[in-house]
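Engineer: Dumping the structure here so I can ask a few things about it.
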């Protein structure tokens, strides 16, 4: 075993064995071994030195007093015997006492003994004066490729990364198409902006994009850090990265110290807050809250903007009132005062345009002169002179009528007045009743008109509401219509080439058939015999009897649009459908006329055909063979009755395709 080394004690560089006191202010921030004494850091060293001087000057009682006052201050923790810097504090006290053993100054020049608080303040001032000001270092750029992994499953994270890679490669349109395609998949919910992983996905897309399409600055930085550019033996990219690492480390250390100082300051404020005696108070007033206050219908609280607006409005109103009060008012004339002769000519235009009043008895008026007598008009009536047009317009513009209650309210207070009126429960009840009444009227107007249906029923049942002559005339009209319809069907081309000429000739004669059919319908639309007891016809009865005829005599050349026709005739109509006259095809095809009542104008030709098949033909004829004709023109199944401008009592022909 090697013998122990016996080294001489440290001499601090001197040739003698006597230790000398070294001023700690001249010692830099390095820490070195000094016989068990730990030197404090530079920011705490001035506080310890100054406190040691005061303790050496005033004694141990002064030290105990400082220790009691600053027991919560961490900067004075060196006063405790268990602190690491207590040995250094004792060393400085010993050095200060030895310094005082030297020849002292004259008595008049000795400073007065300071108090404990003054010693603490002096130590803190020395700390602030000697401590180096901490300047904020240059902030390093943030890490562009550093992200915290979200708390999600591994497979979901892989799906997110792969989606971000393809989105960065193909663009944002790929993410939109993928979201539309996988709308019902829970694994692609991160594509929605409201999802918590959407921001993480967006950052991944940006990082992938920067890697696949780097900028020129990034490429230059990579080339500069490459080891090949610096050559072998030069340290590679480390020599370029080390300055950046030092800057980042310095800023990180400064940021941590700043946060620690803020934390200590917050703790100090909290300690001061805890020292407040909350029991030391006095009662200024008592506010009682009753049950009626809880049920009171109070307006909502006003915002600062509303209060400012109301204050400005009030100030403007006060200014207007002050201006009106400051205007000189014309002195009132006494009643017996004579009327000036030029007064009628100087009247404003408003009085000149007003209707002339009844002429009063003429009374002679003489201009008063000092020599002549004064005549008094006993029939004179004084009228208030209107204000100027500008003042009247301003006064009228300042008020308006409330649409809720009908009162005259200033324009500036209209919004508040309407808001208060709307809070009135009586107004809410009246508005609900008005809305209910309006709905009832709308439902009654949308329903069928009973008189319209009674007229249709009376026209179809001449056996009940008509004479014998009316029944015979109705039968003759129906027979003529069936005959003309059969003649018209002969002009329909059957599709063969041999019958083309024949169909063209029949089409040419079709105009004559249409004219005759229109004449028959016009005769049928003539006013019928009044229903019920024969009474003196009134003007209303004449209008009711002629209205259906006008509706049926709609000119064929004036074609209306479907929507316009529905607006003109919203009520259901009665439609006469001529069954095909083809007994050889089916016995039910006998050419009779079917009457369908209550058909809305939105009914399609296909619905009419299906009703004829189900009610009259009994499905004995194929639906595809039935053709619909309106005014001699073929109608498609999707066209409605309003498309052909069909009115009440219109006729539709049906034929069978060969």
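Quick reminder: no glycine exception, Cβ is built from N, Cα and C everywhere.
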Engineer: Of the ranges 51-97, 98-144, 145-191, which one does TrEMBL flag as region 'Disordered'?
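Structural biologist: Comparing 51-97, 98-144, 145-191 with TrEMBL, region 'Disordered' matches 98-144.
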Engineer: Per TrEMBL, which of 261-317, 318-374 is region 'Disordered'?
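Structural biologist: Per TrEMBL, the stretch marked region 'Disordered' is 318-374.
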Engineer: Please work out the helix, strand and coil residue numbers for the domain 'SURP motif' (159-201) from the DSSP assignment.
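Structural biologist: When I sort the residues of the domain 'SURP motif' (159-201) into the three classes, I find 32 helix, 0 strand, 11 coil.
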